[in-house]
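What Swiss-Prot records for CYS191 is Mo-molybdopterin binding site. Residues or ranges marked as heme binding site by Swiss-Prot: HIS574, HIS597. Annotated FAD binding site per Swiss-Prot: 706-709, 723-728, PHE735, 740-742, THR793, in sequence order. Positions annotated as compositional bias 'Acidic residues' by Swiss-Prot: 56-68. What Swiss-Prot records for 539-614 is domain 'Cytochrome b5 heme-binding', and it gives sequence analysis as the kind of evidence. The domain 'FAD-binding FR-type' feature in Swiss-Prot is assigned to 654-766.
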Amino acid sequence: MATSVDNRHYPRLNPAINGVVRSFKPPPIPSPRHQNKTVSFLTEKVIVKETKNDAVDDSYDSSDDEDESHNRNVSYYKEMIRKSHSDVEPSILDSRDESTADNWIHRNSSMVRLTGKHPFNAEPPLPRLMHHGFITPVPLHYVRNHGTVPKADWSEWTVEITGLVKRPAKFTMEELISEFPSREFPVTLVCAGNRRKEQNMVKQTIGFNWGSAGVSTSLWKGVPLSEILGRCGIYSRRGGGLNVCFEGAEDLPGGGGSKYGTSIKKEMAMDPARDIILAYMQNGELLTPDHGFPVRIIVPGFIGGRMVKWLKRIIVTPQESDSYYHYKDNRVLPSLVDAELANAEAWWYKPEYIINELNINSVITTPGHQEILPINAFTTQKPYTLKGYAYSGGGKKVTRVEVTLDGGDTWSVCDLDHQEKPNKYGKFWCWCFWSLDVEVLDLLSAKDVAVRAWDESFNTQPDKLIWNLMGMMNNCWFRIKTNVCKPHKGEIGIVFEHPTRPGNQSGGWMAKERQLEISSESNPILKKSVSSPFMNTSAKMYSMSEVRKHNSVESAWIIVHGHIYDCTRFLKDHPGGSDSILINAGTDCTEEFEAIHSDKAKKLLEDYRIGELITTGYDSSPNVSVHGGSTAVSLLAPIKELAPSKNIALVNPREKVPVTLIEKTSISHDVRRFRFALPSEDQQLGLPVGKHIFLCANINDKLCLRAYTPTSTVDAVGHIDLVVKVYFKDVHPRFPNGGLMSQHLDSLPIGSVLNIKGPLGHIEYLGKGNFMVTGKPKFAKKLAMLAGGPGITPIYQVIQSILSDPEDETEMFVVYANRTEDDILVREELEGWANKHKDRLKVWYVVEIAKEGWNYSTGFITEPVLREHVPEGLEGESLALACGPPPMIQFALQPNLEKMGYNVKEDLLIF
């Protein structure tokens, strides 16, 4: 073994001898049942030499003559793999990953991305998944990543076994495969969120939109977990060895910063019938980065969330894993529990709601979504074959699949195709396929087609969807709807609709019914007249290529949830400035819109709706991406701009730029300064003075965007600084959950990677009193600069720019409001500048609650405060800049500035 380790956190275990815990390697035990032999696999420049070894604890020896049943079909599966290789295009460095920390990973471009660009969570298009049959090619295997993929080195990687074991140790990869026997067999992996989008169509869960292809099957090879734990001497239940915890290598933000971890019961870990392995090969090759290179856990029959990738530690403990992700993920809570109740009453920690084994499930894959079956003399002469997949958990065999064409009144039993043999304990770890021939005329008369499966324990699928907060384990009947259409002149046909399409792709009968429901609720006339969810409407339909043309200030269209909105007339009124719309004009910006807009804003959007996106047929654009994800870079309209004279990061406002946290400073109990490194050391941010950026993070599997103005100088090289007030939960009674992004930032460890996007904003300071506001020039000799709380940062940026130019004689008068004196941000810098430049900058504070000896105003910004500390409003002489909460702007600033002679529509510039 490479290294022995001590039980640092378990002093009750066997003491070390002279401070050293001896590694344990028993002598080889000859056995007639195995012959030592070496096999080399040359994969990705790593030579894997495997040697079968019988030197294991006899009490956990699962070997016997029947073990060969596991490998009975391996050659058959490998022939499948060989044939499928020729059908899969090479993986590439996808342009969608260019601005992320995963830009070194080759991926298949057809994968449907479910969480934007990063982290990479994706499923294959359902037709492609089924085209390859029983064994899924690795590039098309679904991927669930919580963060950045670790860069691993085979030669340096170790797996530590520690906790309640008598002989804790670290194994190198070479030791794992040479000192333990390996097993190779097929296993179907399924994400517990498979089919979640159906739940999100009923009511939004806290999870992203998995379709029905969050399932894949591979030939996995690895070392049995029970052999390793037996070698290391796992403690008995009486000795406290109750749980086996797994911990990965990636650094994640959850819980204030943690590794991905989870656990299973010791009895499961040591049960040879469960076939749990530390896998290092998939489909005959070393694991790829997205699938856990160099080693991961495979727990057959369990949800994917228990199969930790990039495995670094196995810890035997009395308690379950204490990982944030063990408790805050992969739970099925009762339908009555929402996020607020789950947090308030600690539902996450109730053991009865944890998910381990998969449930029974089945899906219709043929006909496909929007497939059209013509009805003519030829097609009606032979039956149509319905097809799909089914699986169950815990090693249970799927014994029956049934299809109904009449809503469940009658059922037809399907033919099953099981392409695996059970293990020697009778366990089945893989999906099966089903098919059923039906008469075309029966399909024509059916309103929908539904499927359900049964397993050997007579578990079956419920009729109706059972909603839960995380959207997990959805296994209601899978229904497709049928509609009559006219594919050709003089001919009719049946068009089939699946319930949803994965990710942010529009389409599916559930989306139509949901939209109809929303429309009917808001329109009582429509509510009375609606009789069919598939009625004709007057909504105009547009292709994606048509939408892309509308990407300018003259015509700005966006797509949100498949609906098209013309936002041109809203550009001048948008609170975030026209740039926030223009960087998304001509694209599907569903994810970005959902991340930053309130319910009120979503309702306002309806006033600008002009039509629907065509989701079928062909797009006339010559460079159409055919692999889902309308947020792909290739679909963004080109931006005309001058070539930058300097190396700047924000070259294209539509593209995200990765930044790395390199420094975090606590200025006060709730104020932090974060320094982020730009992609290149010689880069400047390239943010015009007065503009801001979006900071983008994936929090709880959802995109979160917040606007920030850097406090670093505009010419800072290689980094940016953000001063952020952290809004902690349970501090302010009106906001019990606190600030999502600020708490996330506070929890990030050094080295974390986020994305920024910009420039954004409608105000730009050009120098020497000149501004450009929504394309119109403005000038002032004197500036009234009014800020509330964190709203000081754009004001700070303008001050910094003016004072850095000795020739800029603009006078500045700052009134800065906060709740308490301790809440004042960048106070030291403001007062330092005011003392140094007394003729150019004056600063006055207003606090709601003052301490004894406070020398500034108390209460709120009032007319007397403004008259005393800022200049009168004179056309061509003065402008007011403001950034703060809306009530401050509306009630304290606008009416009082108007009294002082300001034209608040023209002379009050609100960031």
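Glycine residues also receive a Cβ, built from the backbone N, Cα and C atoms like all the rest.
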Integer Cα-Cα distance in angstrom, the residue listed as 'Mo-molybdopterin binding site' to VAL723 (FAD binding site): 39
HIS574 (heme binding site) to LYS725 (FAD binding site) - Cα separation in whole Å: 25
Surrounding CB atoms that lie within 10 Å of the CB of LYS725 (FAD binding site), all protein chains: 18
Residue among binding-site residues CYS191, MET741 with least C-beta crowding, 10 angstrom cut-off: MET741
Conformational class of TYR708 (FAD binding site) under the three-state DSSP mapping: strand
Taken over the domain 'FAD-binding FR-type' (654-766), the model's mean pLDDT: 88
Per-residue Cβ crowding (10 Å cut-off), top of binding-site residues TYR708, TYR727, PHE735: TYR708
Among HIS574, ARG706, the one of these binding-site residues whose Cβ has the fewest neighbouring Cβ atoms within 10 Å: HIS574
Where TYR727 (FAD binding site) falls in three-state DSSP terms: coil
